[in-house]
Amino acid sequence: VGFKAGVKDYKLTYYTPDYDTKDTDILAAFRVTPQPGVPPEEAGAAVAAESSTGTWTTVWTDGLTSLDRYKGRCYHIEPVAGEENQFIAYVAYPLDLFEEGSVTNMFTSIVGNVFGFKALRALRLEDLRIPPAYLKTFQGPPHGIQVERDKLNKYGRPLLGCTIKPKLGLSAKNYGRAVYECLRGGLDFTKDDENVNSQPFMRWRDRFLFCAEALYKAQAETGEIKGHYLNATAGTCEDMMKRAVFARELGVPIVMHDYLTGGFTANTTLAHYCRDNGLLLHIHRAMHAVIDRQKNHGMHFRVLAKALRMSGGDHIHAGTVVGKLEGERDITLGFVDLLRDDLIEKDRSRGIYFTQDWVSLPGVLPVASGGIHVWHMPALTEIFGDDSVLQFGGGTLGHPWGNAPGAVANRVALEACVQARNEGRDLAREGNEIIREASKWSPELAAACEIWKEIKFEFEAMDTL
């Protein structure tokens, strides 16, 4: 046929509505808002082209490869209900386009270049279907839910955590003291805040030492296994690994990483080290809202959550649901299930666009954290179930009597809710009553109930379908 130079419509090559997707394809659902006058097929094809083999003009070197084998294909387009100029474009990518075991490469391909594309007003990646063939090239979470429970010897209830506040400004010794008080009071974990790295007022090594001392002391006194998420996030991968190695030498059970600001390459490196050395890995999602908060541009958090399960982490922050809207509850539980379960069926009412089979990748514990306190405990226990971590920062340290009583109040509230649930009571309906009953024999809980009885965070949810 010979080479024909010039610009031709993307849809002639990249829009293939009769394509049958393969079991090995990576499938993506994009919410596309084209510029006025750009037809949906062209916009969808442009996304497929620019995120795979295409460029703005035909090139001579196209003839040196098999485009049919390597090109992304826009295979289906559907309008978004209630939106005038918006639709979901489904794109299939051949597996050969991606490096094995690299979340970094997967994202660079699928979302690396196409979001600045002029023909689109906005673009959002709503969901990905990762085929088992690709998942098998990833290690995934270092340990997973069952192994974590066995390491900690804690079963049949959610785990309790607390972020140490004020997050910045404490000396290492005072920080360790707060850790000890919380763990001694009954929490399972305490946590470095995401931006606690190694600052002038508290260098990382001092913090690690005092926190390790605190958790061993609390362990000896309570007879329970305790942990503190030591944040290993650093300016270079080498420094990050140095911190993880020191944590292992101290014999602590868990370290932490900010996976979006730290980057997927660093995160996967750390996850591999954690599995090889028996460390649990707690993941904080700092910066996620920059990417996922806008409804029509960016990436939904469920995609970032899937990427984390591939890259590796044993816990990840996943919102709280409580005090927000019902619609948001279904969507949050959608990606919570994506983190925990082995197989998740397609369910558009929960924002899940594809059936996802995780084959052998362990599950991740969702962490509920942010503005929660003892009155939320029944709802949190009901919504998240046993396989979760409930984290109360201010809800522990803000107790009028101090840190340890704050921890006691949370532990009593949790045990009361779990017992009530196991006895068949309805936490959604009887939650307040259950907390009131428990507070009669726990002065710490009674004081917490009194101080937070009026607090509400009532804003409309951003994350709706």
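The backbone N, Cα and C atoms fix where each Cβ goes, glycine too.
Features as listed in Swiss-Prot:
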type	residues	note
MOD_RES	Lys4	N6,N6,N6-trimethyllysine
BINDING	Asn113, Thr163, Lys167, Arg285, His317, Ser369	substrate binding site
ACT_SITE	Lys165	active site, proton acceptor
MOD_RES	Lys191	N6-carboxylysine
BINDING	Lys191, Asp193, Glu194	Mg(2+) binding site
ACT_SITE	His284	active site, proton acceptor
SITE	Lys324	site 'Transition state stabilizer'
Recorded positions clustered about Lys165 (active site, proton acceptor) [Cα within 10 Å; pool: Lys4, Asp193, His284]: Asp193
Rounded Cα separation (Å) that holds between Asp193 (Mg(2+) binding site) and His317 (substrate binding site): 12
Any further residue of that chain within 8 Å (Cβ to the Cβ centroid of Lys191, Asp193, Glu194) of the recorded Mg(2+) site: Thr163, Ile164, Lys167, Asp192, Asn195, Val196, Tyr229, Asn231, Met256, His284
Local Cβ density at Lys167 (substrate binding site) - other Cβ atoms counted within 10 Å: 14
Spatial neighbours, same chain, of Thr163 (substrate binding site) - Cβ under 8 Å, 6+ residues apart: Thr190, Lys191, Asp192, Asp193, Ser369, Gln391, Gly393
Other CB atoms within 10 A, centred on Glu194 (Mg(2+) binding site): 21
Largest CA-to-CA spread of substrate binders Asn113, Thr163, Lys167, Arg285, His317, Ser369, angstrom: 37
Spatial neighbours, same chain, of Lys4 (N6,N6,N6-trimethyllysine) - Cβ under 8 Å, 6+ residues apart: Thr58
Same chain, 6+ residues apart, C-beta under 8 Å of the C-beta of His284 (active site, proton acceptor), given in sequence order: Glu194, Asn231, Met256, His257, Asp258, Tyr259, Ile316, His317
The one of Asn113, Lys191, Asp193, Arg285, His317 whose CB sees the fewest other CB atoms within 10 Å, among these recorded positions: Asn113
